[in-house]
Amino acid sequence: MREVISIHIGQAGTQVGNACWELYCLEHGIQPDGQMPSDKSVGYGDDAFNTFFSETGAGKHVPRAVFLDLEPTVIDEVRTGTYRQLFHPEQLITGKEDAANNYARGHYTIGKEIVDLCLDRVRKLADQCTGLQGFLVFHSVGGGTGSGFGSLLLERLSVDYGKKSKLDFCVYPSPQVSTAVVEPYNSVLSTHSLLEHTDVAFMLDNEAIYDICKRALDIDRPTYTNLNRLVAQVISSLTTSLRFDGALNVDITEFQTNLVPYPRIHFMLCSYAPVISAEKAYHEQLTVAEITNSVFEPANMMAKCDPRHGKYMACCLMYRGDVVPKDVNASVAVIKTKRTIQFVDWCPTGFKCGINYQPPTVVPGGDLAKVQRAVCMLSNTTAIAEVFSRIDHKFDLMYAKRAFVHWYVGEGMEEGEFSEAREDLAALEKDYEEVGAESSEAGGDEEGEY
C-alpha cells in the first residue's frame, strides 16, 4: 500500500482539514462514526482508500491524519463536531498557549515543547503503514502556529523521514485582505524553511478564493466554510488517484517529477473547474474542452497572480469523472496553440495528465453543483514570483524601521534570521527571473554552424 499521512497545523490547517475529511468521507461512503457500509472486506487493507484511512478490527475507518494547534479552541470544534467519532483522540493535539501570530513563539518557545509529542503521534501513524508514500501538510504562513510551528515540524520531518515526499498546502497572505499586521514577517521566515524542507508547495490565498466564490457561485459574503469546501475539492482532485482506481493514475512522487524543474522552483499555482452553482449548471454543457479552458483563466487561479505575466514551466491536469483520453488530448492541443499561454522554451511538452473515473462529489447543502466531470490544474509558472515580491515589499517597509521585531527577538530569535530569510527570498525571486528568461543567449553560438 502507498499510504499518505495528512498533517493539519494551526487554525487554517485544521479548518481546511475538516473540509477535506468531510469530503473524503462522502466520496468513500464513510459515515461520521467511521463505519463504511459498502466495505464488505472488514480489516482487509488492500482497498485503494486505505491510503488515507486505516481500518480497525471492528470495521471502523480512521483517517491517517494529525491535527495540531498551540491553542485548543479550533481543535475543540473537531472534538465536539459532526466527525468527532471519526478521529482517534490522540490524533488531535493541542497546547495551552497561543503562538499569538508570532513565528518565533511557534518555532522556538512554545512550539518546541509540543513538537516531540507531535512527532511521536506521526511516528505511530507511520508505523501502521506498510509503504508510507509521504506527507500532506496543511497550514498558513501568515499566523504564528502555521508559520513557526509548521516550519519546525517540516524541519523535523526532513530529519526523521528524509526520503519521503512532503507536499505542502500553504495559505499565503492576500494582497488586500490581511488578518495580522506581522504577516509579512511570518511569511518570509516560513517560506525560508519551506524552500528547503518541502518537495512541492501549493499556494492558496484567501482573497483569490473569495473572488472565485463571489463571481462563480454568486455568494455575496463568502465564509471560511465556503472557501474551505472549494479548497477541499482541489485537494480531493489531487488525491483521487491515490484513493480510487482510474485510467491514468498519478502518484505523489509523480507530481514532483513532472512539476519541479529545479529543487527551489517548487511553488505551484492551483485552479479548479467547473466552479458553478446548481442554478447555472443546468444550462451549461461543461465539456472537457470548456473546463480545460477555464482552468487556464487567470480569474480561476487560487492565488492572486496573473499567469499571463509569466511563463509556464510545467503543468499537471487532473481530470475526474466522465472523461476519455481522446478528449483530453484534443483540449491540450488547443491550449498549446493559444498565444496567451506561453511555455518556457526549454520545456516543449509541459503537460502531465491524469484521469480518474470517480466523478466529483459535492457536500449536501454546499454551494457547488453536482457535475459529471471536473479538472484540477497544478501549474508551475514564473508568475508566482509576484506573490513573493509582494510579501517581500511589505516585509522591507516594516523591517526598515525594525517595527515589531522586538516581539520576535524577545522569544529567542536573532535579528540575523530576518535578513537571512529575506536574502533567501530575494535569491528565489532571482531564480524565477532566470528560469523565465529566454535561453537563446546560451544557444546563440551553435545555431550559426548548421
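For all residues, glycine too, the Cβ spot is worked out from N, Cα and C.
The GTP binding site feature in Swiss-Prot is assigned to Gln11, Glu71, Ser140, Gly144, Thr145, Thr179, Asn206, Asn228; the stated evidence is similarity to another entry. The N6-acetyllysine annotation in Swiss-Prot covers Lys40. The feature Mg(2+) binding site is assigned by Swiss-Prot to Glu71, with similarity to another entry given as support. Under the heading active site, Swiss-Prot lists Glu254, citing similarity to another entry as support. Residues or ranges marked as region 'Disordered' in Swiss-Prot: 430-450.
Sequence features annotated in Swiss-Prot and their locations in the structure.
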residue: Gln11; record: GTP binding site; CB count, 10 Å: 22
residue: Glu71; record: GTP binding site; CB count, 10 Å: 19
residue: Ser140; record: GTP binding site; CB count, 10 Å: 31
residue: Gly144; record: GTP binding site; CB count, 10 Å: 29
residue: Thr145; record: GTP binding site; CB count, 10 Å: 33
residue: Thr179; record: GTP binding site; CB count, 10 Å: 15
residue: Asn206; record: GTP binding site; CB count, 10 Å: 24
residue: Asn228; record: GTP binding site; CB count, 10 Å: 22
residue: Glu254; record: active site; CB count, 10 Å: 14
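Residues Gln11, Glu71, Ser140, Gly144, Thr145, Thr179, Asn206, Asn228 are listed as the GTP binders, and the farthest two of them sit 22 Å apart at their Cα atoms. Put simply, the residue listed as 'active site' is 32 Å from Gly144 (GTP binding site) when counted between their Cα atoms.
The distance from the Cα of Ser140 (GTP binding site) to the Cα of the residue listed as 'active site' comes to 25 Å. For Gln11 (GTP binding site) paired with Glu254 (active site), the C-alpha to C-alpha distance reads 29 Å. Thr145 (GTP binding site) and Glu254 (active site) have their C-alpha atoms 30 Å apart, to the nearest angstrom. A distance of 36 Å separates the Cα atom of Glu71 (GTP binding site) from that of the residue listed as 'active site'. The residue listed as 'active site' sits 27 Å from Asn206 (GTP binding site), taking the CA atoms of both as reference points.
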